[in-house]
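Quick look at what TrEMBL annotates:
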- 51: active site, proton acceptor (ACT_SITE)
- 51, 52, 123, 124, 150, 152, 163, 164, 165, 166, 167, 168, 187: NAD(+) binding site (BINDING)
Ligand code: NAP
Ligand code: MN
């Protein structure tokens, strides 16, 4: 790897992971890396855990574009964001000894709440009713009023997030080389009074999706960015678009997104 040699480790709190991380840190120091205590001093942010840990490492470090994110899996197999396995030191040494590395870039969603607070998502933004009642919202694509949704909620997924929550509600798996976002419904009501598209749809990265909560309805939604709940309440408008930001990870041989999909699901 080139001159970017400051490493920050973000690890899951599971049992026995701390010892593993100590071993990994020692190995990295042997190969000329410096371990730093804060993610803002790092050029490379390493997550040790699963996909959920990788998502947290990216959220907690603020979706930095000037650094590389590397996922190390503590499980027996690799997963969607983890290209390395903690016990496979040979692969880690190989990559640490390389002078040049190819990077791949993952699209990120940008969410603004009531034209103010801005959040980013690598997997998905989710909005759900928090009570035993449906929630209602008007859905706009750019300036077009597209539908009025009534149901449990919605998921707006990135291409890399398409294999997560989105897939569980029958959304399509999307190639991350397509900068886009996928909208999927959670149990929409469809009858003579309420009608929604009913299938997932994919929006180009140039479009904006706007969700406007219906005034006066029993709306108590909870919102999630990746694996974190947003503690914001009483929101009227949510604007969702593809961010200019991209998350960079190492590109390895025989490890395209479709290799990962095959490995994880087939
Ligand atoms: P979790 O509830 O502990 O685990 C959700 C599962 O999804 C884990 O097995 C996780 O992998 C996996 N996962 C996460 N991102 C993925 C991706 N991009 N592609 C394929 N699988 C993925 O939550 P978590 O580990 O903190 O992960 C948060 C994510 O869970 C959310 O962003 C959401 O996509 C997903 N989720 C799914 C459902 C559902 O499918 N019904 C419900 C809620 C949330 P690891 O075990 O390696 O962490
Ligand atoms: Mn997890």
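Glycine is no exception: its Cβ is also placed from the backbone N, Cα and C atoms.
Annotations in TrEMBL come from automatic prediction, not curation.
Across the structure, residue 51 (active site, proton acceptor) and residue 123 (NAD(+) binding site) are spaced 10 Å apart at their Cα atoms.
Taking 51, 150, 165, 167, 187 as the candidate recorded positions, the subset whose CB lies under 6 angstroms from any atom of ligand 1 consists of 51, 165. Other C-beta atoms found within 10 angstroms of the C-beta of residue 163 (NAD(+) binding site) number 23, with every protein chain shown included. In the three-state DSSP reading, residue 187 (NAD(+) binding site) counts as strand.
Cβ neighbour density within 10 Å is lowest for 187 among the binding-site residues 165, 187. Within 10 Å of the C-beta atom of residue 150 (NAD(+) binding site) sit 21 other C-beta atoms, taking all shown protein chains into account. Taking the Cβ of residue 51 (active site, proton acceptor) as centre and 10 Å as the limit, one finds 24 other Cβ atoms among all the protein chains shown.
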